[in-house]
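Asks: Here it is, the structure, as C-alpha cells.
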Amino acid sequence: MRILAIDPAIRNTGYAVVEGDYRRARALDYGTLSIPRSVSQSGCLLAIKQHLGNLIDKWNPDEMAVERIIYVQSHQTAITMGAAKAAVVIAAAEAGLRIMEYSPKSVKLSVVGRGAAQKTQVAFMVRALLELRETPESDAADALAIGLTHLFSADPLKAHMMERKYI
C-alpha cells in the first residue's frame with residue numbers, strides 16, 4: 001500500500017510518501033513545503049493544495065493519512081490550522097483518496113511506544129524504522145510517522161491502540 005501522509009500547517013506542511021505494510025515500510029519521498037511569510041494566507045492554501053496535487057499525480061497513493069489537530073495556542077491558530085487542513089482534505093477529495101486521521105498521541109504511541117514521546121524521539125524512531133541515512137527535519141519526520149502509523153494500523157495487534165477516524 002502506498003500512503004501520502006501529511007502534517008498540516010499553514011507555513012510548513014510536512015509530507016511523506018511511504019509504501020509497505022505493517023511489517024515493512026520504506027520512504028519514497030518526504031520533506032516540508034515551506035512558504036515564506038510574505039505570501040498571504042490564501043496564497044498558502046493554494047500552494048498547499050497545488051503541492052499535494054502534484055505529489056498525488058507523481059506518486060499515485062492509495063490513501064492519505066493526516067494528523068488530527070488537537071492542541072492550539074489560540075482561536076486564530078485554530079482557524080489557520082483548520083484552513084491548512086481543509087486544503088489538504090480538498091486535494092485528497094479531488095483525487096478520490098480515502099483520508100484517515102490520527103491523533104498525535106496515537107502517532108507517537110505507534111512509532112515510539114509512548115503517547116507522550118518527544119519530537120526528537122519520534123524523528124529518531126522514524127529514521128530507524130525506515131532505515132534513513134539522516135534524521136529528517138521535524139515536519140517531515142512527523143509526516144513520516146503519520147504514514148507509518150497508517151501502515152501499522154493494519155496490524156491486528158496494534159490497531160486497537162490507535163485513535164483514528166475516516167474524514
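Quick reminder: no glycine exception, Cβ is built from N, Cα and C everywhere.
The feature active site is assigned by Swiss-Prot to D7, E67, D139, with sequence analysis given as support. Swiss-Prot lists D7, D139 with the feature Mg(2+) 1 binding site. According to Swiss-Prot, the feature Mg(2+) 2 binding site maps to E67.
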Asks: Compute the C-alpha separation of D139 (active site) from D7 (active site), stating it in Å without decimals.
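Replies: Given the Cα positions, D139 (active site) is 7 Å from D7 (active site).
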Asks: Pick out which of the active-site residues D7, E67, D139 has the most other Cβ atoms within 10 Å of its own Cβ.
Replies: D7
Asks: Whole-number Å only: compute the distance from the Cα of E67 (active site) to the Cα of D7 (active site).
Replies: 6
Asks: According to DSSP, folded down to helix, strand and coil, what is D139 (active site)?
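Replies: The three-state answer is helix.
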